[in-house]
């Protein structure tokens, strides 16, 4: 990889490919893409296959940089549409439990984070390159690229809050060989809130984004991969999906970090 940004493209694009493949395996959508209402879709498996192909193609495009910006804009727009007009109505009117419980918004928030991440990816393609040319119908989505970091960071802050609201449950997800699970639950919660806030406020995005991406990659390796290996098919491969969610988030924060990393390092070490 000649450019560091391609690492982020690879992580995010790989996650999209995995999501698409899963839709072929299970002939269904992830709850992150569609809530429980998906069960009422006619020809559900056909829709899952068609959009699965789209996810795979989008992931490949982002990785290789061929029409990568267009693919990222399209993914970001679709995910944002589903968040606004499918997830939110479901949580407000279709969820049998109270929508005041933040945990019930987990899947919706993941979709928002992936949407924001897609816009971050779109904004990372060089404007003077072939991969940055986009067709006219997508140009209105290009205006959302500056909001990508914020759309991504709001869920990160929310996930951090969940670490405090549901600490006992989250603590059970910490690897068994780690001591004091509750401590690490709180530490991770603080890190999520702090990183999300710093990215939104543009406070040392380079350094904080780098550290955040390292933390996320560590959790992918130490937490998510072992859980995915233990339960690869439970709940339509939810643990596998979660592992690649975290990998996608890692790639997103890496791309965000690269925007100002050199400047941040220069300012810190030249004082």
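Glycine is no exception: its Cβ is also placed from the backbone N, Cα and C atoms.
Quick caveat, the model's predicted, so the values are computed rather than measured.
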From the ranges 27-45, 46-64, grab the one TrEMBL calls transmembrane segment.
-> 46-64
Which sequence positions outside the transmembrane segment (181-201), separated from its termini by at least 6 residues, show Cβ-Cβ distances below 8 Å to it?
-> 149-150, 152-157, 159-164, 167-168, 170-172, 174, 208-209, 211-212, 215, 219, 253, 256
Same-chain residues at least 6 beyond the ends of the transmembrane segment (102-123) with CB under 8 Å of its CB atoms are 8-9, 12, 15, 30-33, 35, 62, 68-69, 72-73, 75-77, 79-80, 82-83, 87-88, 91, 95, 141-142, 144-156, 158-159, 161-162, 165-166, 245, 248-249, 251-252, 255-256
Here the stretch out of 7-26, 71-90, 144-166, 241-261 with the most C-beta pairs under 8 Å to the transmembrane segment (46-64) is 7-26
Counting only CB pairs under 8 A, let me know which of 71-90, 144-166, 241-261 has the most with the transmembrane segment (7-26).
-> 241-261
What parts of the chain pack near the transmembrane segment (241-261), using Cβ distances under 8 Å and only residues at least 6 beyond its ends?
-> 4-5, 7-12, 14-16, 18-19, 22, 30, 32, 110, 113-114, 116-117, 120-121, 124, 149, 152, 156, 195, 199, 204-210, 212-213, 216-217, 219-220, 224-225, 227-228
Who are the long-range neighbours of the transmembrane segment (71-90) in its own chain, taking Cβ under 8 Å and residues 6 or more past its ends?
-> 16, 33-37, 55, 57-58, 61-62, 107-108, 111-112, 114-119, 121-122, 125, 134, 138, 141-142, 144-145, 148, 151
